[in-house]
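Visitor: Can you read through this structure? Questions will come right after.
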Amino acid sequence: MSPQLLAMAIAPLLGLFILGIGNGYLTTLVSLRLDAAGESQVVVGLVSSAYYIGLGLGAMMNDRLLLRIGHIRAYGSFASLVAVTVLLLGLLFDPMVWFVLRLIGGWAMVGVFLVIESWLLTSSEPKVRGRLLALYMIALYASGVVGQLLLGATQNMGKFEPFMLVGMMASLSVLPMAMIPRVTPLIDKAEPLPPWRLITITPTGVIGSLGSGVLVAAVYTLLPLYLQRSGYPVSQVGIYMAVTVLGAMLLQYPVGRWSDRHDRQIVLIMIGLFCVAISALVVLVPLPWWGLAGVLFLLGGGIFSLYPVAVSHAADRAPAGALVAMSQGLLLINAIGSAASPPAISPLMATLGDAALFGAFAVLAAVLVTFFLWRRMVRPAPVPVAPFSPSTPLSSVGAELAVTEEWMQGAREHEHMEDLSDVMPEVEVAEPLVGPPVAENDYVAYYDEDGFHEGTLEAMQQEDASSENADEHDGGDDQKGNEEPVADSTDAVETLKRDDA
């Protein structure tokens, strides 16, 4: 990676890190504040889902604003809107108002992600996008860990100060982008494949992305609620959440290497079974604090690995020209699952108890395993050709950032290896026109310095004779002396026949 490219990537990555700290902190803080105010799990789930609804809407709409006003001004606009919505959360406490503010905040937040991802995408060549994606993921997960640890550091603050802190971070994240030289990388608008088209190409990828959205959103929004109601103070809730995100960051890479070497359907099945076992362990066995931390570390690694493995499996089946649209379609499906997760699981927690969260994890993972097993019996997975890319769904442009040159090459190789004999009709192949003339039934076709000639041998001889007489008449004796002798077509044909023999 060149120093110039690294210098261009530092500003958006630093902005992402600063903003990610506040965003991860705020997601957990909203759930804890609503619970501390005595709101039901259903209300907590609805307010939490508003953020993911905003993410989905913004992913489909914000690229138009970016194309119109440019990256730096778009980043400043979105980050300012995030700061305003966060400060209003501290000033106005009402579940309905918070629902609207979180919806707007999600819409603005995905705009920030869109700017950063498209900046990295358009400023790099395909062969280095894998390394940029790795730096992107490190910045994202590291900010998530720090954000969760802020819960303990700010637990003695008042009701408004934590929201002020997040608003300050949103405003501060603009500085790295605003202080670098002005550049205007360009992006192309690419429409995602619709879900009904995707499910015909890769049912396993679609269901895996949907299930991942449900599980990851529940971890961010409802797991803090479970921990607080289990009697843990806010500081320990932050530590447990940080451990969960840390497990997601550290375990994606070994899982990815495993999926590159083996059948990805088998890997998805094993991840699902692992999540079932870990979730059942939390429900059935009383765990000490260190045991719960270890279980959450493993659970984070399993749940957060579902999405990138599912996307890599889908890339194994997709043609090279459809990789970006396919990845964007999977992001949309993941956002749908994320938006539906808190309203669907929180009523179960209200009815069956807080432990129903892990029961829901186990049931959903078991459903995914059943589906993956059925798909494997119907259609075994191809040999992995698209390398695993550790990723998390953020915006539609992030899909293209993940489509590296290795992905494209793998898709092209997969297209070349695929057996299409059942759909390709047998046709006769015409003889090439370039090469020695072929005389069949007194028909000749050949190239020379005058171009392409074809016809019967007799007609071509007559045409050459007429052309030669015309040249002699027009050229005169002076021109004849300067002309080089030109062999007629009969001599050329005879010479080529002798060479061919």
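Including glycine, each Cβ sits where the backbone N, Cα and C put it.
These figures come from a predicted structure and were not determined experimentally.
TrEMBL lists 470-483 with the feature compositional bias 'Basic and acidic residues'. Annotated domain 'Major facilitator superfamily (MFS) profile' per TrEMBL: 8-377, in sequence order. Positions annotated as region 'Disordered' by TrEMBL: 454-501. The transmembrane segment annotation in TrEMBL covers 40-60, 72-93, 99-121, 133-151, 163-184, 196-222, 234-254, 266-284, 290-310, 322-340, 355-374.
Burial and contacts for the listed features, if you can.
Guide: Along the domain 'Major facilitator superfamily (MFS) profile' (8-377), the predicted structure has mean pLDDT 85.
Long-range contacts of the transmembrane segment (40-60) within the same chain, counting only residues at least 6 positions beyond its ends with a Cβ under 8 Å from a Cβ of the stretch, are 27, 30-31, 34, 95, 98-100, 102-111, 114, 213, 217, 220-222, 225, 331-332, 335-336, 338-347, 349-350, 394-396.
Listed by sequence, the residues of this chain that lie at least six past the ends of the transmembrane segment (99-121) yet keep a Cβ under 8 A from its Cβ atoms are 8-9, 12-13, 15-16, 19, 23, 30, 46-48, 50-55, 57-59, 61-63, 65-66, 71, 74-75, 77-79, 81-82, 85-86, 88-89, 92, 129, 132, 136, 173, 177, 185, 187, 394-398, 400-401.
Residues 9, 13-14, 16-26, 28-29, 32, 116-117, 120, 165, 234-235, 237-239, 241-242, 244-246, 248-249, 252, 389-392, 394, 401-402, 404 of the same chain lie 6+ residues outside the transmembrane segment (133-151) yet bring a C-beta within less than 8 angstroms of a C-beta in it.
Using a Cβ-Cβ cut-off under 8 Å and counting only residues 6 or more beyond its ends in the same chain, the transmembrane segment (234-254) has close neighbours at 24, 28, 32, 137-138, 141-142, 144-146, 148-152, 155, 219, 223-224, 227-228, 289, 292-293, 296-305, 308, 390.
Here the transmembrane segment (266-284) has long-range neighbours at 204, 208, 215, 255, 258-259, 292, 295, 298-299, 302-303, 305-306, 309-310, 313, 355, 358-359, 361-362, 365-366, 368-369, 372-373, 376, 381, meaning same-chain residues at least 6 beyond its ends whose C-beta is under 8 angstroms from one of its own.
Same-chain residues lying 6+ beyond the ends of the transmembrane segment (290-310) with a Cβ under 8 Å from its Cβ atoms: 204-205, 207-209, 211-213, 215-216, 219, 223, 239-240, 243-248, 250-252, 255-256, 259, 264, 267-268, 271-272, 274-275, 278-279, 281-282, 330, 334, 361, 368, 388-393.
Outside the transmembrane segment (355-374), and at least 6 residues removed from its termini, the chain residues within Cβ reach (under 8 Å) are 203-204, 207-208, 211, 214-215, 218, 222-223, 225-226, 265, 268-269, 272-273, 275-276, 279-280, 282-283, 299, 303, 306, 345, 348-349.
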Visitor: Can you work out which residues elsewhere in the same chain, 6+ from the ends of the transmembrane segment (196-222), have a Cβ less than 8 Å from its Cβ atoms?
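Guide: Residues packing against the transmembrane segment (196-222) from afar: 27-28, 31, 41, 44-45, 48-49, 52, 244, 265, 268, 275, 299-300, 303-304, 306-307, 309-311, 313-314, 317-318, 322, 326, 329-331, 333-342, 344-346, 349, 357, 360-361, 364-365, 367-368, 371-372, 375, 381, 392-393.
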